[in-house]
């Protein structure tokens, strides 16, 4: 029998619980070009110092756990740990702080938004020492950006595919969103496209339900696209929603869209998941399909000011995962979107290099190192009277999507599409002539309506419609 081993106090590693800030709060740390940087809005529980709370965020989203473990000695914590390197109080709030955390690049799998989010916005958001936690922004270093394919094609390639330049693109979501048969659905698509729209769209919750199976919808929509193209001489598209219960089924639907020769498919990237979205994005690039992204479920994640993830982070994640369009709010319609905040993440979607600008909620300078851009889609409660503001706010590289603002026209879908196209062309021409859309917008629409009975009828229907609620998420 082997002799009993005596355990002496003080030998081996020192077990027990110690303050996170002793290891993970490092105010003297100089960030590296390869670090992923995060800005968290945190609300500590009463009695928890902000330094301890910030260090806890850094620890629990990287290498730390609640107690010292002996396997800490088998690796280099200094190399792999996250570091809370700065904390600043939030102006106007009693117990709220912005904690800045730096993460070494080696903590994350290359080309995986799924792995990135699993760490940075994982279990730490349920940590008891925090009353609330929100990820406000991420700085993605060029070294990590280069591991992603990004959008299947990007803005310039899409314009070349469509042969459409110098103006925003026009779209429409087919309504009612649920309940139409495939044939009636295709008829609605055709009427909108022949009236002058560039795209029509499946609603986000149109997948493959008993009233309209996906294959039937794809066929009737393809017929509508080809017929409208033949009549107008323009390239048309319909966002065929490939979102499905499994990745295999999703890719099967995308493959069928490719066989039909249509230009674009669609995915609900948050409900579908980043792994599925990245897989579909790769398929779309390999097979020449554009990819429209809907952000269903985003408000569950980003609408509360103190807890969750800001949409600018979700937008950056989408640009890495891949998508050629994404819904971004309207500023002027029925859905959430404060102007400066919205324009901040619109720039993060489209531009190659974006400077830090706290007035627009951009916490870090972001260099996308030529990753293709994403077209923002303005959609939700917009109509012809909004056209000047939308053209001025979003510029040419955008998609303006009028659902009820097309299909609600008193004369039908095609006249509704005509009204929107005439309004857009009038606004673009006025802007190119140097007129101020913000000041003269209503007059520009009225002048155009004199020569377009369809636009005049639309102006009359929606002259009193306004959505004047204050945005919840402001700077």
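Heads up, the Cβ atoms here are built off N, Cα and C, so glycines get one too.
Taken from Swiss-Prot, the feature substrate binding site applies to 123, 173, 177, 295, 327, 379. Taken from Swiss-Prot, the feature Mg(2+) binding site covers 201, 203, 204, and the record attributes it to sequence analysis. Annotation comment: Swiss-Prot describes 3 as N-acetylproline, evidence class sequence analysis. Annotation source Swiss-Prot lists N6,N6,N6-trimethyllysine at 14, citing sequence analysis. Here Swiss-Prot flags 201 as N6-carboxylysine, drawing on sequence analysis. Annotation source Swiss-Prot lists site 'Transition state stabilizer' at 334, citing sequence analysis.
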Query raised in the report: Taking the centroid of the Cβ atoms of 201, 203, 204 as the Mg(2+) site, which other residues of that chain lie with their Cβ within 8 Å of it, listed in sequence order?
Result: 173, 174, 177, 202, 205, 206, 239, 241, 266, 294
**Report entry** Cβ-based isolation winner (fewest other Cβ atoms within 10 Å) among the binding-site residues 123, 173, 379
**Finding:** 123
Query raised in the report: When the number of other CB atoms within 10 A of each residue's CB is tallied over all shown chains, which of the binding-site residues 177, 201, 295, 327 has the maximum?
Result: 201
Query - Neighbouring C-beta atoms (10 Å sphere around the C-beta of residue 204 (Mg(2+) binding site)) - result: 21
Query - Listed binding-site residues among 201, 203, 204 whose Cα sits within 10 Å of residue 295 (substrate binding site) - result: 204
Query raised in the report: Compared by Cα position, which of the binding-site residues 201, 203, 204 is the closest one to residue 177 (substrate binding site)?
Result: 203
**Report entry** Number of Cβ atoms other than its own within 10 Å, given for residue 203 (Mg(2+) binding site)
**Finding:** 18
**Report entry** Cα-to-Cα gap, residue 173 (substrate binding site) vs residue 204 (Mg(2+) binding site), nearest whole Å
**Finding:** 9
Query raised in the report: Cα distance, residue 327 (substrate binding site) to residue 203 (Mg(2+) binding site), nearest Å?
Result: 12
